[in-house]
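> Take a look at the following structure, please.
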């Protein structure tokens, strides 16, 4: 009887020790620092080159990562081509003619395979390029104030204005005239 109760306590003990010490499967920004130290710089270089060549590439890479992760998690299945034996996510209706950036991923994958064969997964390449594209695209704008953007000409029609105090709950049931107010005007409470 004593050994039976000990066997029942053993899994609880291992669970408690594992919970206390943590697991080694945690995500880490330095995951590739020993396995492929140049992985992050290769990914970043590919993203910078792509955005320099085509300014919309940053948004395309973020969208590509979103479409990959949206349905069944970040598994990189969106990168697989349709074949006779496999229906890939790349050609699925929501993705067809909607996502781009595949050539950037292909280039980064080729560079990473040359530097560190079989180390960096396609899912990680998607995540890295999405992260790098957001960082690269937003960096030049980081010093700008949120309420104004510089305009090269004297035409100020493109300046950002505050949108006023328009709450969706107060707009429900409003007349069309009430919806067409100047941005600085507020909708009266009912």
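Using N, Cα and C of the backbone, Cβ positions are placed for all residues, glycine too.
These figures come from a predicted structure and were not determined experimentally.
What TrEMBL shows for this protein is this:
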- 1-19: signal peptide (SIGNAL)
- 26-190: domain 'Plant heme peroxidase family profile' (DOMAIN)
- 36-116: disulfide bond (DISULFID)
- 63: site 'Transition state stabilizer' (SITE)
- 67: active site, proton acceptor (ACT_SITE)
- 69-74: disulfide bond (DISULFID)
- 160-190: region 'Disordered' (REGION)
- 179-190: compositional bias 'Basic and acidic residues' (COMPBIAS)
> Between residue 74 (disulfide bond) and the residue listed as 'active site, proton acceptor', how many Å separate their Cα atoms?
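Cα to Cα, residue 74 (disulfide bond) and the residue listed as 'active site, proton acceptor' are separated by 9 Å.
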> Whole-number Å only: compute the distance from the Cα of residue 69 (disulfide bond) to the Cα of residue 116 (disulfide bond).
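Roughly 25 Å, rounded to the nearest whole number.
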> Measuring CB to CB from residue 36 (disulfide bond), give everything in the same chain under 8 Å that is also at least six residues away in sequence.
112, 115, 116, 119, 120
> Once the DSSP letters are reduced so that anything not helix or strand counts as coil, what is residue 69 (disulfide bond)?
helix
> Just how many other Cβ atoms lie inside 10 Å of the Cβ on residue 67 (active site, proton acceptor)?
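Around residue 67 (active site, proton acceptor), other Cβ atoms within 10 Å: 18.
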> Using a Cβ-Cβ cut-off under 8 angstroms and a sequence gap of six or more, which residues of the chain neighbour residue 63 (site 'Transition state stabilizer')?
98, 99, 100, 101
